[in-house]
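Enquirer: Below are the features I grabbed from TrEMBL:
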DOMAIN    75-96  domain 'Trimeric autotransporter adhesin YadA-like head'
DOMAIN    188-210  domain 'Trimeric autotransporter adhesin YadA-like head'
DOMAIN    220-246  domain 'Trimeric autotransporter adhesin YadA-like head'
DOMAIN    264-297  domain 'Trimeric autotransporter adhesin YadA-like stalk'
DOMAIN    313-337  domain 'Trimeric autotransporter adhesin YadA-like head'
DOMAIN    342-366  domain 'Trimeric autotransporter adhesin YadA-like head'
DOMAIN    383-406  domain 'Trimeric autotransporter adhesin YadA-like head'
DOMAIN    412-446  domain 'Trimeric autotransporter adhesin YadA-like stalk'
DOMAIN    462-487  domain 'Trimeric autotransporter adhesin YadA-like head'
DOMAIN    505-543  domain 'Trimeric autotransporter adhesin YadA-like stalk'
DOMAIN    616-637  domain 'Trimeric autotransporter adhesin YadA-like head'
DOMAIN    671-693  domain 'Trimeric autotransporter adhesin YadA-like head'
SIGNAL    1-16  signal peptide
Amino acid sequence: MLALAMGLMAPQSAWADECLIDTNNDGSATANSDDTAGAWSANQPDRLACGLYAQSGGSGAVAIGISVNAASPFSVALGYLASAYQQDGIAIGNSADSTAKQGIAIGASSQVDNSGALATGTGGVAIGTGAYADNAGVAMGRNASGNGGVAVGNASSVTSTTGLALGASSSATSNSTAAGYGAVATSRAVAVGTDARASASGSVAMGSYAANGATQVAEASATNATAIGASALATGNGSVALGANSEADEADIVSVGSDSQQRRIVQVADGTGDHDAVNLGQMNSAISTAVAGIDTGAQPFLVVNSALSDSVATGSEAIAIGGNAEAAGDGSVAIGSAGTEGVDAIAMGTDAFAGNANAVAIGGDANAEADGALALGAGAGVSATNAVALGAGSSATRADSVSVGTAEAMRQIVNVAAGTEAGDAVNLGQMNSAISTAVAGIDTRAQPFLSISSGGSDASVTGSEAIALGGNASASADRAVALGSGSAATRADTVSIGTAEAMRQLVNLAAGSEDSDAVNLGQMNAAIATAVAGLDTGGGAGSYLAVNSVGTLPDAAGVEAIAAGAQSAASGEAAIALGLQADAQGNRSIAIGEQAAVAASSDGALAFGNLSSSAGTGSSAIGYSAQATGPRSTAIGLLARANGYEGAAVGGLAKAAGRSSAAVGIRASSSGTYATAVGASSVASGGRSTAVGVAAQSAGEASAALGAYADASYASSTAVGYRAATSRANEVALGGSGSSVRIGDIDASTQAQSGQLYAVTVDDSGTLGRGSALATSQQVASLGASMQAIAAVGDEQFAMLEGQVDELFDLAAIDRRDMRQAIAASTAMADPHFPSTPGRTSYASNVAYFRGQVGVSAGFMHRIASDTPFAITAGATYGGGKNTAVKAGVAGEF
């Protein structure tokens, strides 16, 4: 591969447009001793063939690889046995096959043709092994099938031109949408979530394992029925079943439970119409009025059944109901082992917590830790002032916002009436109608919004009043605009012309004349030069000051705040924000790194590292994408998470979810209250438990697991040693299966004994005890001899272990060398520039050095002869040993 790349670096040695190959294996490609290895381009200058028996038969065609064939004009075949037979066809990958005009086949054995293979018809797209796309459909993923619609994911399928299937094994028919692993939606139905099922016309199933028409999962089998939640059942026409195991078996009803499991509906306003629901306060008031004067005894409607500790209400006028419930804030209410600390706060549900004034947390583990916050649903969390989180696991981290999910798990808001006021929400139909009116007369391929296809995936618009122009462009935020292929607009009221990974310049921009106009670089540099005129910089005013940025200027709105970096903002008092889009909202907070963020309610918090975030007061997040959301929590390391109150997570992917818990080591996890996990992949899930060692686990309450793979699964049990495991509560286990126990000096221990001696007994399970009979001198002597023998065996085992440790160190040295070679190879990877004109080929080569290892690479880019700039790229890099890497791709512009 290296010889091939070096050949590419010397085009003067190639014949016509065929690459010269090192056929005699002497390490270099030379015109006198090597040839093109059967590559054929008809000796035409407007096509390229490179590789063993590669064939380029059409004008502007490119064939790169072994036995590849680009047979038609402007076709591209790249990879082993890849073939592109029709004009503008592209085949990339092992045995990839594109036989349809403008067809694209990417992936091992993927096919695009007009017979029984996988992407039939002009413009079909099939990406992935065995992918199938018919009727100009899109199929992305292994064995994906798109019949005119869009199917994305392994074995996903769409059988209609208007269907959409997203996720492995998902399936969608006419006018339906299925999103999630194994999700299935029939005509006009919507199924969202893992194994979700929507089987009736107009039905909706939402949530993992939610379904319509399935058994043991959520089911909405009637027309226009809706089932939301695991095992929810909606069998009546127009009925709605909300929540896990809920049943709605009559027409036009809403159910939040079943005969065996009921739920409360909370935060219900007083009913005013004859058919309105009434709340408990309204009902009690009506009952009190109706039975005035009747003595019904104290608390006729309150019943508590709990074996936990008594409830505690320490706040003035506070109410605590339920075992372990604690209402510490004045005027607060805690119901069901919940806790409140804020004034007038409300917490309802197991381990629910409302920590700030007027905060409300309803649901198991719901957490509202900001003034005026509302967290509704199991595990819902709010850390920003006046924010609302609705639904299980939802998170609201921005002030005055409403969240119905997280960045990783989003939800739809359905059944939204059309807005009538300027501040009202609009539904999709209302938005599409407005957009359709605005762009009347424009041909947008029957879409209600405007998108432009450039050979890639369609543009995507999910934000309200948003616009996306260009292949694969996406506008997911409200009123956002994404311009150009692959551009992404994820923030409201913004215009994006690229992504964080692939940015573009905005050129030919006139100088701004109004306060809100954009400025060009010349205008900005002139303004900066004027501003610093007269400053002593060692070489004249401003002589060493240069700015190169197309982003928004930083904003330091807080008193004594500092902001540095494009679009950075420091709105908190004495806050510091350094880096692109860094955001420090909390007072005396610090955000350093690209998109590092500190929430407004997080006074004194620190976010250090790209994409790091701190949402808890006094919290610290250090490392790429580290998150510290619990008050006074600490997260250090790549993707580290500290969600618990005063939790600490140290290490890549470490997670501290329990209150005052600690997780130290890569993938270490501590979810129990006051739990501690130390070591790679260690897990401390029991309350006050400790797990120390690689993959050690302490699941029992107050348990301890010490040693690699040690397991203490029972309460107050202790496992010590490699693979040691406890079998019952209050047990101490020393060593795992095959382990021996050695006493360092049995003679010294014997000398230290005093008083009457007893025999030591052991049962079949290995549990030690003291015998009822007195030990004789002969038994003691025999025991001493046995312990000496154990000590001797232990020495031999330790000697063997020492040798094994030495071997491990040797293997570690080999791993370090391979790692350094790989780093050197990746550092050296060459990126050629885009060729200046069609038919031209650019090349580049790099050499890199890293900690004693050298990497070398070569790459090229060939521009296809077409009206739209389009090129294919390929390259190879070598770092020593077996560390060789190759790459191939495409590039373009529209």
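One-based numbering along the chain as shown.
Just so it is clear, glycine is given a Cβ too, placed from its N, Cα and C backbone atoms.
Give me the structural setting of these features: burial, nearby parts and distances.
Expert: For the domain 'Trimeric autotransporter adhesin YadA-like head' (75-96), same-chain residues at least 6 beyond its ends with a Cβ under 8 Å from one of its own Cβ atoms are 54, 58, 61-69, 102-112, 864, 866, 872, 874, 888, 890.
Averaged over the domain 'Trimeric autotransporter adhesin YadA-like head' (188-210), the predicted model has a pLDDT of 77.
Broken down with DSSP, the domain 'Trimeric autotransporter adhesin YadA-like head' (313-337) shows 0 helix, 9 strand, 16 coil.
Only residues 6 or more beyond the boundaries of the domain 'Trimeric autotransporter adhesin YadA-like head' (383-406), in the same chain, are considered here, and those with a CB under 8 A from a CB of the stretch are 363, 369-377, 413, 599-602, 613, 615-616, 629.
Beyond the domain 'Trimeric autotransporter adhesin YadA-like head' (616-637), the same-chain residues lying 6 or more positions past its ends with a Cβ under 8 Å from any Cβ of the stretch are 355, 369, 381, 383, 395, 397, 586, 601-610, 643-654, 656, 659, 666.
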Enquirer: Report, as numbers and ranges, which residues of the same chain sit near the domain 'Trimeric autotransporter adhesin YadA-like head' (188-210): CB under 8 Å and 6 or more residues beyond its ends.
Expert: 167, 174-182, 217-232, 234, 411-412, 414
Enquirer: Please list the DSSP helix, strand and coil residue counts for the domain 'Trimeric autotransporter adhesin YadA-like head' (462-487).
Expert: 0 helix, 8 strand, 18 coil
Enquirer: Can you count helix, strand and coil residues in the domain 'Trimeric autotransporter adhesin YadA-like head' (383-406) using DSSP?
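Expert: For that range the per-state counts are 0 helix, 7 strand, 17 coil.
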Enquirer: Reported in the order helix, strand, coil, what are the DSSP residue counts of the domain 'Trimeric autotransporter adhesin YadA-like head' (616-637)?
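Expert: Helix, strand, coil within the domain 'Trimeric autotransporter adhesin YadA-like head' (616-637): 0 helix, 8 strand, 14 coil.
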Enquirer: Report, as numbers and ranges, every residue of the chain located at least six residues beyond the domain 'Trimeric autotransporter adhesin YadA-like head' (313-337) whose Cβ falls under 8 Å of a Cβ in that stretch; write 'none' if there are none.
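Expert: Sequence-remote neighbours of the domain 'Trimeric autotransporter adhesin YadA-like head' (313-337) are 302, 304, 306-307, 343-352, 354, 357.
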Enquirer: So if I exclude everything within five residues of the ends of the domain 'Trimeric autotransporter adhesin YadA-like head' (342-366), which remaining residues of that chain have a CB under 8 angstroms from its CBs? That is, six or more out.
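Expert: Beyond its ends, the domain 'Trimeric autotransporter adhesin YadA-like head' (342-366) has Cβ neighbours at 266-267, 315, 329-336, 372-382, 392, 601, 631, 645.
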